[in-house]
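**Q** Encoded as structure tokens, here's the structure I'll be asking about.
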Amino acid sequence: MADRIFERILNQAGADAEATQEQQDPELQRRKAQKNEESELRKLSSNMTAGDAIKRILLAAKDRDFFRLLELPPPEVDALGAPTWPVTAAEVSKAYRKLSVLVHPDKNPGEAARQAFEALNEAHRELKDQSKLEGILKEHLEAAQKRADEALASATLEERLVMQAQQAQQAKALRKAQGESFQAEVTRQMRERQEAAKRKRDAAENSRYRRQEEEEAAKQRQQEEEEQRRQQQQQQQQQADGSSDDEDAAARRRALAKKRQRQRKPSGM
């Protein structure tokens, strides 16, 4: 009993000292007021004005909490300790459209509205990009695990037993699903390797056929060219033979003409 009274007195003295320090330090007062306002804004989720929504979005952007920024549920942790977030891309877009209409700079002039709208667009892009979402979920894993531990710690003994039984059942189902997924992935990779090997064999076979066709075509062209050259040579030879015969005939005609001329000349001449 005395220990509790002493602790209460000590806490009160600490609170009084903090209050006195705040009164003497305006900057400390400002930071505390800002902290209280941010705490209230983090809790705010309904009946928001455009101004409240803009402030809340900017605060969530400052905390790099895209889930809270879009008023979507935070990530959870499954029974195997992995982050999970059962929100679809369509639900992300729906939350974005709802807030973008509320805080659009055309309706809310000022730099804060513009910054809030840009933060809203960034959150929308990040959470719809599957590769980026995986990294964001890992960043929030510690906070998700903390919430799960707090929920388990605050539960009654009966509730805790039920939660632990559910976790054990979920872990079993997840391990089974992971095993099936792994087996399916192995099968898929084997099928891809087999298909790649078949494509390679087909390509090699087609290449061999193409080479054979090209070789046969080249051989055919060579034979045709040789036949063409042979025919040209024969034609040239025939032309040469014909020219020689013509020359011989002309020579014979000239000799005969000379002979006749000699025969016509008088003997006395």
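Here, residue 1 is simply the first one shown, and the rest follow in order.
Every residue gets a Cβ built from N, Cα and C, even glycine.
In TrEMBL, annotation is done automatically, which means it is predicted and not curated.
Pulled these features from TrEMBL for this protein:
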type	residues	note
COILED	110-158	coiled coil
COMPBIAS	27-43	compositional bias 'Basic and acidic residues'
COMPBIAS	188-230	compositional bias 'Basic and acidic residues'
COMPBIAS	231-242	compositional bias 'Low complexity'
COMPBIAS	252-269	compositional bias 'Basic residues'
DOMAIN	65-132	domain 'J'
REGION	12-46	region 'Disordered'
REGION	165-269	region 'Disordered'
**Q** Mind tallying the region 'Disordered' (165-269) by DSSP state, helix then strand then coil?
**A** 100 helix, 0 strand, 5 coil
**Q** Per-residue pLDDT averaged over the domain 'J' (65-132) comes to what?
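**A** That stretch averages a pLDDT of 93.
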